[in-house]
Amino acid sequence: MAAGSSGPPHLVECAPVTNPAPAAPRAAFARTGLGIYPVLVTLFCCLLLLSNIAATKGIEFGPFLTDGGVFLFPLTYVLGDVLSEVYGLKATRRAILLGFLMSLLASLTFWLVTISPSAPGFDGQDAFARILGVVPQILLASVAGYLVGEFLNSYVLVKIKEKTKEKHLWARLIGSTVVGEFGDTLIFCLIAGPVIGITSPGDLLNYTLIGFAYKTAVEIILLPITYRVIAAIKKREPTYAEALRELESTGR
């Protein structure tokens, strides 16, 4: 207050400080815990490891070229869809990264066993090294294709779910698989093809397109089963029902 002035001092009112409200959920997802999620992640990693081992053999069905991973690898995308639909992108990323680490651990283990001295009388060293020894291009192809494909698959599914909520499950399952499988198959085939004896441009194109078409077809064929599995898990995960009620209360 200036010297010589009179009257009460002026008080400055301060606006109350409030914390911003948490963002409303855009889709319903269950929380991970000690229930079904760890079982799904374990199965996911097992299928991935078996597929990577089987992929070291090239297979020819008439005019169609593929690899041994053709039998089980499509199921990793089915499980990826289930994880993404029920638990969300963050939980699925954890499963993908765990599968990646398990693949690296398996490759390191096979390499250590391969370079270790054989016991007297063991005559299968060459065969063991050929099947389970680390082939750098196979490992690179598997890891690169797997990471790109699975992340694309889960990202697309979750983004579609944020728009459609609980409706049009078939659209997000098929749409995410088409994007993810294409990225995965293209990267894997270009890197791994020459290692398993697929070298000509025509054979590489055949290998890539057949692999992509087959994996996508498996997803579509298994769609009724995927629907039932997702519905059963949603019903048995109490936190999913809670998340759904919270989403409905926000009107989003």
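Any Cβ shown, glycine's included, is placed from N, Cα and C.
Automatic, uncurated: that is what TrEMBL annotation is.
Feature list (source: TrEMBL):
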- 34-55: transmembrane segment (TRANSMEM)
- 61-83: transmembrane segment (TRANSMEM)
- 95-115: transmembrane segment (TRANSMEM)
- 127-148: transmembrane segment (TRANSMEM)
- 169-198: transmembrane segment (TRANSMEM)
- 204-227: transmembrane segment (TRANSMEM)
* So, does the transmembrane segment (204-227) come close enough to the transmembrane segment (61-83) to give 3+ Cβ pairs below 8 Å, pairs being at least 6 apart in sequence? -> yes
* Please indicate, using numbers and ranges, the residues of the same chain that are 6 or more beyond the transmembrane segment (34-55) and have a C-beta under 8 Å from a C-beta there. => 67-69, 71-73, 75-76, 79-80, 82-83, 87, 91, 94-95, 98-99, 102-103, 106, 131-132, 138, 142, 146, 188, 192, 196, 233, 236-237
* Asked: Any residues 6+ beyond the ends of the transmembrane segment (127-148) with a Cβ under 8 Å from its own?
  -> 48, 52-53, 55-57, 96, 99-100, 103-104, 107-108, 110-111, 113-114, 183-192, 194-196
